[in-house]
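Colleague: There's a structure below that I have some questions on.
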Amino acid sequence: MEYLQQSNYLPVLVIGVVVGYLSGLLGKGGSAISTPALQIFAGVNPFFALASPLPASISSTLSATAVYSREKLFNKRVVVLGAAFGVPATILGSWCSSYLPGKTLMIMTALFIVTLGGSLLYSYLRHKGASVETPVNSNDIKASQIVGAALFIGFLSGLLANAGGILFSTFFIRRLKMPIKQALACAVILSAVLSVPGAITHWCLGHIDWNIALLLSLTAFPASYLGARTAVKMKTPLLEKLFAGTLVVFGLYDIFFTLWK
């Protein structure tokens, strides 16, 4: 497989800025944008475009985590259980990625994200009252819910070489009834944790171009910090609508790109 040429370094750096900022703002690793963007604007091989953003996801989500931690938005039980069961599921999914055709799965995942985003957006627009601000207590959450979600999202994350941030945050909002800022905080730290085994496994499979990974990390790290700072200062109703609308846009974008390529 052909590695990244020096003439394409600048597009990768710019992609890192955009992906990093959205990563911090929306509690996600950024693969939904970076994978197609790397192929379209930097001419990156599909295998490298799929997995090379994972190391950058680690750095960008850790940068955002530093911001969210100061706001004390994490739910420790959710994070610990999500990581404990999500990590092995991610490793299994990563190994399976070499044997399963991913195009249909990517379209199905994107359709799922569009549906969730549309549902959330409708809900937020319909209820114009005060948004929920009180963090969810650990005692109010069933362990079985977290374990089931971690196994499913972890496996899918490994299979599609992404960090799972969008799926985690949406699950926390819809099923656990978390306020959006707490959901994004928990999703971003789980994205960081799940990116590690995913990146290592895909590296062993030869799916990572480290030139791409390092260039993305260089700009994604500071941009993610700024994105997270924006999220914690943004008014909750606006952040809710932005998050839901972005799910719809990203999902449609992924469907279009997957069918087009």
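Here the Cβ of each residue, glycine as well, is placed from N, Cα and C on the backbone.
Straight out of TrEMBL:
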TRANSMEM  6-26  transmembrane segment
TRANSMEM  38-58  transmembrane segment
TRANSMEM  78-98  transmembrane segment
TRANSMEM  105-125  transmembrane segment
TRANSMEM  145-171  transmembrane segment
TRANSMEM  183-202  transmembrane segment
TRANSMEM  208-226  transmembrane segment
TRANSMEM  238-260  transmembrane segment
Colleague: How about the transmembrane segment (38-58) and the transmembrane segment (6-26): do they have 3 or more C-beta pairs under 8 A, pairs 6 or more apart in sequence?
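Modeller: When sequence-distant Cβ pairs are counted, the transmembrane segment (6-26) touches the transmembrane segment (38-58), since at least 3 lie under 8 Å.
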Colleague: Do the transmembrane segment (238-260) and the transmembrane segment (6-26) share at least 3 Cβ pairs under 8 Å, sequence separation 6 or more?
Modeller: yes
Colleague: Residues sitting near the transmembrane segment (208-226): Cβ under 8 Å, six or more positions beyond its termini, same chain?
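Modeller: Hits for the transmembrane segment (208-226): 3-4, 9, 12-21, 23-24, 30, 34, 38, 42, 44-45, 48-49, 51-56, 59-61, 63-64, 66-67, 199, 202.
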Colleague: Counting only CB pairs under 8 A, let me know which of 6-26, 78-98, 105-125, 183-202 has the most with the transmembrane segment (145-171).
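Modeller: By the under-8 Å Cβ criterion, the transmembrane segment (145-171) pairs most with 78-98.
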Colleague: In terms of Cβ proximity under 8 Å, which residues at least six beyond the ends of the transmembrane segment (6-26) contact it?
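Modeller: Same-chain contacts beyond the ends: 33-34, 37-38, 41-44, 53, 56-57, 60-61, 63-64, 67, 165-166, 169, 184, 188, 191, 211-212, 215-231, 242-243, 246.
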